[in-house]
Amino acid sequence: MKSYLVGGAVRDALLGLPVKDRDWVVVGATPQQMLDAGYQQVGRDFPVFLHPQSREEYALARTERKSGAGYTGFTCYAAPDVTLEADLLRRDLTVNALAQDADGAIIDPYGGQNDLRKRLLRHVSPAFSEDPLRVLRVARFAARYAHLGFRIAEETQALMAAIVEAGELAHLTPERVWKETESALTTRNPQVFFQTLRDCQALKVLFPEIDALYGVPAPAKWHPEIDTGLHTLMTVTMAAMLSPDVDVRFATLCHDLGKGLTPKALWPRHHGHGPAGVKLVEQLCARLRVPNDIRDLAKLVAEYHDLIHTLPILQPKTLVKLFDSIDAWRKPQRVQQIALTSEADVRGRTGFEASDYPQGRLLLEAWEVAQSVSTKEVVAAGFKGAEIREELTRRRIAAVAQWKEQRCPQPQG
């Protein structure tokens, strides 16, 4: 009975990255031996145990055989005669098929260390194509390690495209697609995840609303990159630089979905694309079962991002109404989130990456001014019932108007 550290912990240690989770494989043991040693069994589908002290996961070495459709259609075989090499063979990428023994020696039967040096994401065996979830996993790894120069091997890209072409992605549950997407959105380069999916034709299957933006032009004066799909990924790149918040990054991804609905006869203009995009955001989020708070911000950003760009000329009444519409009084974080997504939109354009975005600062200033109006003072002044809200709104508009005269003076004449 021997235990080996496996997978991501070995990979990240070799890359000099922090190791977060440590997983182990046990060779030559039975479930009863693990229980007798004080381990707690937690795996339903195959034997996984928690260490009595560290609570880290220890799985019995196993092999997998395809027995049904999708990423759950596997029959597992775990027994003392399963070797470490056989266990590592079932893994997705060579860089994940690494193990380390108790003495620190690396076991690398499939060339994972060489691929780490080459910065290559390459599948271990042809069995890669039996699991459609691996299309998303590899796209996520590509995003996670893009800053280190990793790329996907051509032969692995070909297998990913074959999985998509065979219709295997239909077997993925919405929850699993969202989980992988959410994880990809936390990486340094989330745009790589979506570009990778597009390269293997998976984007139009899983995110047709985003795929529809490719080939849709915008006015070259405002969008030198012209293509709305390119612009979308440029804004996601910028959002990742501006904020670690998944809500902000996802909302940025969805901000221009409405442009995919513009009739070709009206191109390259997209009047009203913001409100039009709200329904597409709802559609995408319902299909992937995106959490409500993330969905709601994305809807607001789709509807109002163009309005924020015109902030210096907005009427005080319009600004206060905007704060009402985004429910800022109860969810004040939305003001900052919407400011960041709007900035990502403006800077996510060819040649505008280093642009200043004063509208974001002005939005936050206007919010501070509107928020400073005291509800207690309104109540103390004798207003009751519906009058309180009306007077609050009046005072907020007056305060924002006074601030705006100083910060955004209008030209005379």
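Using N, Cα and C of the backbone, Cβ positions are placed for all residues, glycine too.
Annotated features, as they stand in Swiss-Prot:
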BINDING   Gly8, Arg11, Arg91, Arg137, Arg140  ATP binding site
BINDING   Gly8, Arg11, Arg91, Arg137, Arg140  CTP binding site
BINDING   Asp21, Asp23  Mg(2+) binding site
DOMAIN    228-329  domain 'HD'
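When Cβ neighbours within 10 Å are tallied across all protein chains shown, the highest count among the binding-site residues Asp21, Asp23 belongs to Asp23. Residues Gly8, Arg11, Arg91, Arg137, Arg140 make up the record's CTP site, and a Cβ search at 8 Å around their centroid adds Gly7, Asp92, Leu93, Val95, Asn96, Phe141 from the same chain. Taking every pair among Gly8, Arg11, Arg91, Arg137, Arg140, the residues listed as contacting CTP, the largest Cα to Cα separation comes to 16 Å. DSSP assigns Asp23 (Mg(2+) binding site) to a strand in the three-state reduction. When the binding-site residues Gly8, Arg11, Arg91, Arg137, Arg140 are screened for a C-alpha within 10 angstroms of the C-alpha of Asp21 (Mg(2+) binding site), the residues that qualify, in sequence order, are Gly8.
Taking the binding-site residues Arg11, Arg91, Arg137, Arg140 in turn, the residue surrounded by the fewest other Cβ atoms inside 10 Å of its Cβ turns out to be Arg137. The domain 'HD' (228-329): residue composition by secondary structure is 79 helix, 0 strand, 23 coil, according to DSSP.
Across all of the domain 'HD' (228-329), the predicted model scores a mean pLDDT of 96. The CA atom of Arg91 (ATP binding site) is located 13 Å away from the CA atom of Asp23 (Mg(2+) binding site). Cα to Cα, Arg11 (ATP binding site) and Asp23 (Mg(2+) binding site) are separated by 12 Å.
A gap of 18 Å separates the Cα atoms of Arg137 (ATP binding site) and Asp23 (Mg(2+) binding site).
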